[in-house]
Amino acid sequence: MMSNLKQCQTVIIELPERSIVYDWFYAIHTFYRPIHTYLSIIICILGAMCNFCNIVVLTRKRMRTPVNMILSAMACCDTVVLFSNLIYTTHYTFANCHPEQWSYGWAIFLVCHAHLSLIGHSSSIWLSVMLALIRYLTLRSRKKVNVLQIDLRHSYKAIAFVVLFVTLMNTPNFLAYKIFEMRLSETCNTTDIGNLDAFAYIPGVSDLALEAHCLIFRMAFWISGTIFKMIPCLLLSSFVWLLMKILTKVQQNRLKLLYNSTRYCNGKKYADKKEYQGRNKNATDNCLAKTNATTLYRADRTTRMLLTILCVFLITELPQGIMMVLSGILPEAFRRHIYNSLGDLLDLLSLCNACTTFVIYCSMSEQFRNEFKQVFLPYSLFGYKLKWKSKQDYKEPSSPAQSSTGSNSKTNFELQRCVLL
């Protein structure tokens, strides 16, 4: 099988067959491999539970916003990936060399696991790109009157489009696999003499994928490396830069609004900034709480949380994309000695990425924490029902400053509609 795959290589840069670097990577693989098995099982279980909590909380009626619906879809994709990975790791790590462990049914599961993991993980990546796009469009159009507002209907269409797009792009991978029948003794080491002639079924590269100079195999590989990895990472990098630029501008506007509104507080007008600072050094901020700046601060905080999520995606996905592209332009020695040795660490990055969103929500969103408490902690230890904050508790009270400027009220309304969590 490996000899047939050599004709599918697109080697641009040659590498030596032996190197001390290969030995170093193999030593890392040998040391980490036993740890990865149990660590990945723990992460899969905890990650599936965390994503279940995300789905339950974010899909509550009062939490349904375009951004939250996309985050819920990302949690669903991550849950599928984690469950599939949990079954795969548990079975093939603790399976013994017995025909039942290498049956045709388990071979079908292995193929399905490969497709589900790729589609689910790639859909989650592209949904994060869609999330960044929606947030960017929302912030960019916050002062425009005649602009299309993004609602739940648009988010549902975006989710359906992403899943359909990723599934269609995965078509070459659907055609690249085939289940082979082999002797069990050729697959694993068996000590049972009665199983020496038994058959084992394992997935491999199909003959169709090797036809026409490995056209389907090359398409499957480069689609996985570019469309599913590198392109979304480049788009995420661009949106992160744009959002940080807008975030800086929003923060400057918020500080300016705070200063201007405070100058006119309680009917007092200060001539300049020095006079304002001199007379209000020990004053309370009661007037500040009644201005439009609070809404801008919430938008600021929301954008920071989204930037954190997007940066986590970049940190975990960009190394995998680079490694996949390098394995396509470098000879077989790179894949065999470096890519395979780092495969468990790259897999760990994907698993960690799938379960970090819950931590981000809990640490950066008070509304998510209170909704989580309402759903999963409705009663105290003594049987008394706890009263957590509702969505209405997060609405800012009206103020004279808000009612006096129509354009600012319009801006606040648009920001409140799309504020995350």
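Cβ coordinates are placed from backbone N, Cα and C, and glycine is handled just like the others.
Keep in mind that TrEMBL annotations are predicted by a computer and have not been checked by a curator.
Per TrEMBL, the feature domain 'G-protein coupled receptors family 1 profile' maps to 50-361.
Marked as transmembrane segment by TrEMBL: 35-57 (among others). Within its own chain, the transmembrane segment (35-57) has Cβ neighbours under 8 Å at 63, 71-72, 75-76, 78-79, 82-83, 85-86, 89-90, 93, 344-345, 347-348, 351-352, 354-355, 357-359, 361, 368, 371-372, 375-376, counting only residues six or more beyond its boundaries.
Here TrEMBL flags 69-88 (among others) as transmembrane segment.
Residues 66-67, 70-71, 73-74, 77-78, 80-81, 84-85, 87-88, 150, 155, 158-159, 162-163, 165-167, 169-170, 173-174, 177, 179, 202-203, 224, 228-229, 232-233, 235-236, 239-240, 242-243, 246, 302-303, 306, 309-310, 313, 317, 350, 354, 418 of the same chain, all 6+ positions outside the transmembrane segment (108-137), place their C-beta atoms under 8 angstroms from a C-beta of that stretch. What TrEMBL lists as transmembrane segment is 108-137 (among others).
Cβ atoms under 8 Å from those of the transmembrane segment (158-177) belong to residues 69-70, 73, 111, 114-115, 118-119, 122-123, 126-127, 130, 134, 203-206, 208-209, 216-217, 219-220, 223-224, 227-228 of the same chain, restricted to positions at least 6 beyond its ends. Residues annotated as transmembrane segment in TrEMBL: 158-177 (among others).
According to TrEMBL, the feature transmembrane segment maps to 219-244 (among others).
Residues or ranges marked as transmembrane segment by TrEMBL: 306-330 (among others).
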Q: Please give the sequence-distant neighbours of the transmembrane segment (219-244): residues at least 6 beyond its ends with Cβ less than 8 Å from one of its Cβ atoms.
A: 118, 121-122, 125-126, 128-129, 132-133, 135-136, 139, 166, 169-170, 172-173, 175-176, 209, 303, 306-307, 310-311, 313-314, 317-318, 320-322, 324-325, 327-328
Q) Which residues of the same chain, at least 6 past either end of the transmembrane segment (306-330), have a Cβ under 8 Å from a Cβ in it? A) 10-13, 15, 67, 125, 128, 131-132, 135, 221-222, 224-226, 229-230, 232-233, 236-237, 239-240, 243-244, 247, 339, 342, 346, 349-350, 352-353, 356-357, 360, 364, 420
